[in-house]
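Sequence annotations record features per position, and here TrEMBL assigns domain 'Glycoside hydrolase 35 catalytic' to 13-324. Annotation comment: TrEMBL describes 161 as active site, proton donor. Under the heading active site, nucleophile, TrEMBL lists 233. The domain 'Beta-galactosidase 1-like first all-beta' annotation in TrEMBL covers 378-478. Here TrEMBL flags 504-562 as domain 'Beta-galactosidase galactose-binding'.
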């Protein structure tokens, strides 16, 4: 089609090429879906009757170290945009720099927190300089894919939900100018909840409502009555937290609200249409009070119309029936469902004690983000082991300086757990010098709220024994990156015939003699840890639920031997002989 006038908001309806246009959108994040399945998920979106794809851009994945950018493989944003265009989908891009999205630190890179005075999401020079550097790389990749250049991008969101944060009156103008000055020419959007709409807008941009729970025809928008109305995130479900119940939003109730939105001539974006997975350590945490973050689970299924593994749900079929009424042509037939398979249980064959792996680690007594590792960008994710010498027993008090969960050992014997709720442990008496070890897990940084500046991990202050601050810590950085795990290849792994020492690494092999299919990992009795398959971090596992399996995409497997590794933190009771298998199951 000819490109004369892109998406505009100068009347009661959006227009595209000066013709009325209703955005029927859905969110699918490329960074939560294996690249091999991008096309499958977008085809299913198209077949449901949606015409617009929305996606965030995660700064912390694209610039994991300051000045080191990654836009390749699973992070090839341009390939994702080209794919959307080839399938006839428009795109609303939400580049941040902050995205929320139940993603670690709302998508902001942890190395920003190395600055003790950092003020995130403000015009603080240390933050704006970093944003400018990132946008210099990102926006030049985005500009050629705008509608005016023949691409699919019809609108760009300025930051995200800033009205709920609103720490700096000049900040939104800074982000807007950062986009415009680098060549963004399409319609600008801002997205906020009802209370934040007046604080999060930008001059010349259109404000869209973040979400609604109960729809009424009296929804107020802080702009001219004759401007179009849009629900930017109609929540099709909700995220889950470790230790809580799985969230389910009844399909009939959800579709009923979508139907009413459409009857009011409003545009809509379904968040999420397909949630995918928080692979690795990228899950965020919910801020509960000031000092009690609760981490999200690995799955981002979200009870969305397409499940975590890309399956059709009742919501999908009901929405497809509804959206078909808003198309003059029949919708495409939905693609077939990806086949899954249950494989034989994988028997764990070898283990490596954490204590035997420590000579690989870096040692400095500072918090995680300020460790002199990763080219002086600090440690972003994983675990940090703090060790010092003690000469007595007594009461160990964390002073609430553990971020987020520490396993405590004395001479490698497990004593207990320190976290936000448990801040004191009794250490047994003993003779002579003994080693006190605290294995601290970063469970996920808060992704929303006004405590973003406080999300440093590890030990962030003193740990006291009998009211005296401990000193002379040696710190081991256990980042759990693929490269970190691969360093153990040459180590002497011990046969499972010997009693495993925990924490530790466990290794098994999954042999496939056919073309690999999707599957799920189930680890009954394995308590808590992280699973890797062929070097890819599937995410965290924790028996407290609600999540009890980890999704394994078929494209991440191959014929022949597949290496399965599991880092297990500790057992909650005596290790028993039966816990030596990892199960590959076919979930529905």
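Each Cβ is built from the backbone N, Cα and C atoms, and glycine gets one as well.
Remember, TrEMBL labels are computer predictions, not curated facts.
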What are the DSSP helix, strand and coil residue counts for the domain 'Beta-galactosidase 1-like first all-beta' (378-478)?
3 helix, 50 strand, 48 coil
Any idea what the model's mean pLDDT is for the domain 'Glycoside hydrolase 35 catalytic' (13-324)?
93
Counts of helix, strand and coil residues, the domain 'Beta-galactosidase galactose-binding' (504-562), according to DSSP:
3 helix, 34 strand, 22 coil
